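Q: Encoded as structure tokens, here's the structure I'll be asking about.
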């Protein structure tokens, strides 16, 4: 099921306008002798797609001639996010890994083989010089295809592979691919990948370059907060988080009494029940979502949020202290994502079940009324955050693509 997202004239894969902080991309489907072709494999969730797009922008900033092709599936967020950023998207068959025996497991080999063939066709079509993988449904087929599979009748060139793992515990695709990858990069130490170099998680240029102090006055005016306000930012990802919503909204009266302003992104599918604001209370700004996170980060002094890899990466990159509330599912990956920041003194972890209005009121008021402690946490978060992860991954990819042995055959 290899397919291509339709491209406007000039080769850009977008009908939506590009963000102001994104570089102008090059087409992924017009080979040129003097331009490198990079295939980014990281579809499925925003946690896979957003780092890939940050690296795409960094690649174009380093070499405007580079040709970017994103690899994805019909079921992933990349069908929306990649065209929005202006990049060329090729679609292959999704290969989800079954979690238990059954029909899906029996069909897995044929699905993998089909996806590998489709991925190999893409690599050949765009004359790929390097594959950069971020995990997810498309990564494993891309890694296998880059290594020369499916087995020829004809000899196939071996395409170098760079792997980036954003999570504290590496996923299956990256664990398999890391055994033969040319470079392995990770967000944190001890991700389970051998030979991994720690670079952090690639974040958007608007976040990586953010100077909160410079933007603070504009950001607070944008949300209606006084210049000297003490501001709590609350968000639970693109869909919000019910437990965060309940705990923070339930603490609204106590937060107001402590003089704390709140900027709360509750999610487009959620309704926030708030008490009537009393005269003289500091603002409690509730919105379905935040489309300019750089302004939200600049306005805030403290964050309550989940601990997904992208969230932890952005919050620490901009030097914001945080109360991380890991999602209470899976194998504890979100808690592991937050631990490097927490252990450095840049935040704390609170279990989802322990997040109550009383805890929110006590911890937030305690932190925001203790300037010395807040400043120490801010400095610690900034020290452990990575602002140049996208650039490091991009430079690694270009170095591998142009190095000796980048175009060997098997």
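For all residues, glycine too, the Cβ spot is worked out from N, Cα and C.
Annotations per TrEMBL:
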| type | residues | note |
| --- | --- | --- |
| BINDING | 45, 46, 47, 167, 204, 238, 334 | UDP-N-acetyl-alpha-D-glucosamine binding site |
| COMPBIAS | 14-34 | compositional bias 'Low complexity' |
| DOMAIN | 38-185 | domain 'Glycosyltransferase family 28 N-terminal' |
| DOMAIN | 231-392 | domain 'Glycosyl transferase family 28 C-terminal' |
| REGION | 1-34 | region 'Disordered' |
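Give me the structural setting of these features: burial, nearby parts and distances.
A: Residue 46 (UDP-N-acetyl-alpha-D-glucosamine binding site) falls within a helix when secondary structure is assigned with DSSP.
The domain 'Glycosyltransferase family 28 N-terminal' (38-185) scores a mean pLDDT of 89 in the predicted structure.
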Q: If you count other Cβ atoms within 10 Å of each one's Cβ, which of the binding-site residues 45, 167 has the most?
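A: Neighbour-count leader: 167.
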Q: Around the C-beta of residue 334 (UDP-N-acetyl-alpha-D-glucosamine binding site), how many further C-beta atoms are within 10 angstroms, looking at every protein chain?
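A: So the Cβ neighbour count for residue 334 (UDP-N-acetyl-alpha-D-glucosamine binding site) comes to 25.
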Q: So how many of the residues in the domain 'Glycosyltransferase family 28 N-terminal' (38-185) end up helix, strand or coil by DSSP?
A: 62 helix, 28 strand, 58 coil
